[in-house]
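As recorded in TrEMBL:
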COMPBIAS  41-55  compositional bias 'Pro residues'
DOMAIN    57-167  domain 'Calcineurin-like phosphoesterase'
REGION    35-55  region 'Disordered'
Amino acid sequence: MEDSNSSNICRDVPEKLSSFVDAFVDFSVSGLFFPQSPSRSPNPPNPNQTTIPPPRRLVAVGDLHGDLEKSRQALRLAGLIDSSGNWTGGSATAVQVGDVLDRGGDELRILYYLEKLKLQASAAGGSIITMNGNHETMNVDSDFRYVTRSGLEEFRVWAEWFQVGNSMKSLCTELENPNFDLFEGIPTSFPGIKREFHEGIRARIAALRPGGPICTRFLSKNQTVLQIGDSVFVHGGILRDHVMYGLDRINGEVRDWMCGLRGGRSPSFARGRDSVVWLRRYSQEMERNCDCAALEHALRTIPGAKRMIMGHTIQGDGINAVCGGRAIRIDVGMSKGCDDGVPEVLEIVEGSQVRV
């Protein structure tokens with residue numbers, strides 16, 4: 001009996017060490033502890049599900065762009081968190097329509113924070129669904145045009161802690177490949193860019209490239225297109241051609257690309273002005289410049305769809321709707337790296353009452 005117990009303990013050591021190291025690194029990067037075995041809702045939503053039944057209360061939050069303080073203000077405004085940042089939304093569903101990355105220095109902290117909130121929401125019977133925007137796909141493609149100095153520093157620090165964790169795991173020979181090279185294939189210098197930024201750029205590439213630790217853990221689990229009840233969510237916009245291609249297919253192919261299962265650049269429907277994350281046809285400031293006919297064609301092609309909810313284009317006057325209320329634009333530029341706008345959220349109650 002004693003030998004059997006010793007054998008079980010020894011067998012469990014590698015897994016427990018790995019979990020401890022992961023928790024240590026998570027806390028060092030984000031300041032958050034994550035429950036190892038969280039209680040969950042008996043019927044949690046499938047994170048890969050493109051179409052979801054409507055909840056009693058649905059909240060939509062626009063672009064966050066690296067500003068954790070404004071992100072928390074928006075969630076508290078919606079009654080989803082308390083003053084300590086913990087979930088108080090009960091069975092509500094919240095959708096964040098993408099663009100967590102770029103323009104600010106809290107990108108990783110927001111990703112970790114939303115992951116913790118997802119666990120808390122699930123335990124309470126609610127859910128948080130996060131989506132990919134054009135700034136997520138740009139970063140996975142190593143397009144860092146909108147990265148800030150503080151954003152590079154945040155990823156540089158993450159890479160240091162990640163490597164510390166790998167060194168700790170290497171002490172246990174039973175763990176699988178703890179010493180993989182985080183920076184494999186990444187240049188050590190970048191001509192034309194100040195040397196002081198090189199480490200941050202290398203760390204960002206390593207974290208966010210297809211198959212990278214941050215890309216796989218966070219971004220690959222996001223949706224790119226989503227339907228909840230009669231509301232369609234997307235960062236930029238959906239055209240009829242996208243619907244005909246297949247919304248499930250779009251989600252699956254973006255997910256596979258982010259996990260490193262597809263070679264090359266992002267899928268074509270995730271880049272370019274008419275892609276689902278870049279489209280601005282329904283979000284122009286003046287309604288007469290919006291393509292309401294294209295919106296109508298797209299919605300008719302999606303069974304049960306009545307409206308499309310999108311971010312991507314800052315609305316200086318706050319959340320608003322055009323095309324007979326069928327296009328709702330929710331990017332208010334709240335991040336200090338954008339317009340430093342006043343946070344607003346959209347609420348849909350009982351599937352029909354839409355209000356800001």
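Residue 1 is the first one shown; counting continues down the chain.
Glycine is no exception: its Cβ is also placed from the backbone N, Cα and C atoms.
Note that TrEMBL annotation is computational and uncurated.
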DSSP helix/strand/coil residue counts for the domain 'Calcineurin-like phosphoesterase' (57-167): 53 helix, 16 strand, 42 coil
Model confidence over the domain 'Calcineurin-like phosphoesterase' (57-167), averaged pLDDT: 98
